[in-house]
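I have placed the structure first, in the form of structure tokens, so that the comments after it can refer back to it.
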């Protein structure tokens with residue numbers, strides 16, 4: 001009897017511990033996440049989060065709208081890749097207009113334009129012009145939903161170039177996301193016959209596929225180089241720096257693209273396209289004008305996120321717009337949505353989630 005009474009107290013605490021421990025573990029995890037979120041929010045003023053939300057909103061709305069307008073241009077009779085590329089940077093004066101009141105209200109002065117800084121602006125402008133031309137070729141031969149899904153690979157290149165140039169961290173979750181998104185791209189490649197527009201040859205489809213991937217790679221490089229300019233040359237001083245960088249880079253891209261337009265005689269070609277456009281000259285002018293506005297707002301949003309956060313968050317938001325664009329293209333343009341494309345969309349979103357969770361975890365550790 002004495003031995004039995006001695007054994008009873010040993011079994012009861014063990015049973016109680018097994019029941020309560022999981023509950024306590026979950027509660028502690030939830031509390032930790034809530035506490036971390038509150039601390040992160042309090043670490044910056046409310047104006048910081050307001051601007052970050054505004055810039056993020058620009059990326060998630062203006063970029064999809066710009067992609068859909070590109071497809072609308074080709075669907076209604078537009079043919080020139082140079083014109084579409086030119087429209088992407090023709091809206092640079094909009095950012096310049098926003099820059100003027102910034103100087104007045106913040107009492108800040110323009111950043112001195114050194115030879116080194118000017119060289120960086122010219123380089124980024126040239127890369128942006130080339131990037132826009134690559135995407136113009138991609139949208140000429142691919143449905144908007146397919147082109148946007150392939151553009152998800154920009155997250156891969158943002159992570160890689162951010163690691164190589166800006167020393168952003170890459171953890172196992174980031175590698176996992178890269179593998180998953182690459183799988184999504186491969187799935188699209190395997191399903192190339194189901195979403196091809198009538199009249200598009202195998203060579204044209206493959207060309208659009210390749211230009212989209214190359215454009216996404218260059219897009220990731222531009223993100224990383226832009227953050228490098230902020231850190232090494234401009235510094236993270238004030239909001240007007242963001243606008244200055246965007247104005248100068250877009251202006252440089254505008255000059256490069258305008259030279260291409262002149263060589264290709266596409267300024268004259270715009271008049272010809274306008275007369276033969278499906279819904280008339282006014283519709284043609286509206287498509288070009290709104291392409292200029294939406295693309296400029298999207299790039300401004302991306303530059304603002306770079307300034308207020310990092311290449312990682314800009315890459316994530318740039319990738320999140322992909323499923324938004326794909327779904328919108330299916331609704332408005334009736335793009336074919338095969339089982340393979342749906343699988344690619346699911347896999348891509350999964351990759352986004354893995355990347356975001358992995359980056360959030362690494363931030364908590366650091």
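For all residues, glycine too, the Cβ spot is worked out from N, Cα and C.
Caution: TrEMBL annotation is automatic and unverified by curators.
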### Task
State the residue range annotated as transmembrane segment by TrEMBL; the candidates are 173-190, 191-208.
173-190
#### Entry: Annotated transmembrane segment segment (source TrEMBL; candidates 21-44, 117-140)
117-140
### Task
Would you please say which range out of 264-282, 340-358 has the annotation transmembrane segment in TrEMBL?
340-358
### Task
Select the range from 82-105, 146-166, 173-190, 210-235, 283-309 that forms the most Cβ-Cβ pairs under 8 Å with the transmembrane segment (316-334).
146-166
#### Entry: Contact yes or no, the transmembrane segment (82-105) and the transmembrane segment (283-309), 3+ Cβ pairs under 8 Å, gap 6+
yes
### In contact by Cβ distance (the transmembrane segment (210-235), the transmembrane segment (283-309); 3 or more pairs under 8 Å)
yes
### Message
Please report, as numbers and ranges, the same-chain residues at least 6 past the borders of the transmembrane segment (49-70) whose CB is under 8 Å from any CB of it.
### Response
41, 84, 88, 135-136, 139, 144, 147-148, 239, 287, 290-291, 294-298, 300-305, 308-309, 314, 317-318, 320-321, 324-325, 328-329, 332-333
